[in-house]
Amino acid sequence: MELKAFIEITRPHNCILAGIVGLLGSIVALGHFPDPKTALLIFLVVTVGCAGGNTINDYFDYEIDKINRPERPLPRGAMGRKVALYYSMLLFAVGLALAYMINIYAFILGVIAYVTMFIYAWKLKPLPFVGNIVVAGLTGATPLYGAVAVEHLGLAGYLAICAFLVNVAREVIKDIEDVEGDMAKGAKTLPIIWGKKRAAYVGVLFALLTVIASFLPVKASVGVGYYAMVPVDLLILYAAYLILRNQDREVAHKSQKLLKMSIFLAVMAFLIAAIV
């Protein structure tokens, strides 16, 4: 067993990014920074929950990761599967204890999100499109969690919609990237059932819906600061163009990475709109 595997299996960069998005969601909702204690708790609840979700996901994905992600801790033998299971439960417990310290609404949403993560990894992930929707919903809930924690919605509701839509696109394109390993496991993802080209159409559709939804805050009389979203929309459209043109593994990887980047950039754009 490698001690570094306890950090590596959580995919810390993703978790820290999720924590930042949760915190930024609270700022977008309020229009200013929350009190330091609440800000720290929001960041920790989202970060630790994401770590637990990634760990339990690797526990259930052991066989498929032997093909798609052999470098990860479980396939390469750096951590035992049972250890990973217990570790994920510990992370979830710590996250919920921290959520309880915020308010009852943050605790309830935390319970819903954590349970959903477990059920997704256990049963929902192989289901065509259902798994994509669940992951996208969890991503959309990340900035929304920050808003719930400060008991104010503001622009965070619009941000959650955009985060959900762009993540549906990203998850479908990720399935195109991982189609070889998914077929070996017997998973029934959208690209396997419909073919990569049709799946690409679905991904592109949700990318376009994201761009359309990104203009919803204009209805709320948001100031000129919201124009920061325009470059993000262009990035989303470029990612959609790439996967529409070519569904090879390398292209799908690049497209979904660009969409992942767009999520964080969208949060920053909404942040600018909220405080300007």
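Note that Cβ sites are derived from N, Cα and C of the backbone, with glycine treated the same way.
Long-range contacts of the transmembrane segment (14-34) within its own chain (CB-CB distance under 8 A, at least 6 residues past either end) are made by residues 42-48, 50-51, 54, 142-147, 149-150, 152-156, 159-160, 163, 263-264, 267-268, 270-271, 273-275. The feature transmembrane segment is assigned by Swiss-Prot to 14-34 (among others), with sequence analysis given as support.
Positions annotated as transmembrane segment by Swiss-Prot: 40-60 (among others).
The transmembrane segment annotation in Swiss-Prot covers 92-112 (among others).
The feature transmembrane segment is assigned by Swiss-Prot to 146-166 (among others), with sequence analysis given as support.
Annotation source Swiss-Prot lists transmembrane segment at 202-222 (among others).
Here Swiss-Prot flags 224-244 (among others) as transmembrane segment, drawing on sequence analysis. Here the transmembrane segment (224-244) has long-range neighbours at 166, 169, 173, 176, 200-201, 203-204, 207-208, 210-211, 214, 217-218, 251-252, 254-256, 258-259, 261-262, 265-266, 268-270, 272-276, meaning same-chain residues at least 6 beyond its ends whose C-beta is under 8 angstroms from one of its own.
Residues or ranges marked as transmembrane segment by Swiss-Prot: 256-276 (among others).
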Same-chain residues near the transmembrane segment (256-276), Cβ under 8 Å, at least 6 residues beyond its ends
17, 20-21, 24-25, 27-32, 139, 143, 154-156, 158-159, 162-163, 166-167, 169-170, 173-174, 177, 207, 214, 217, 222-226, 228-229, 231-232, 235-236, 238-239, 242
Can you name the far-off residues of the same chain, 6+ from the ends of the transmembrane segment (92-112), with a Cβ under 8 Å from a Cβ of it?
38, 41-42, 44-45, 48-49, 52, 118, 141, 144-145, 148-149, 151
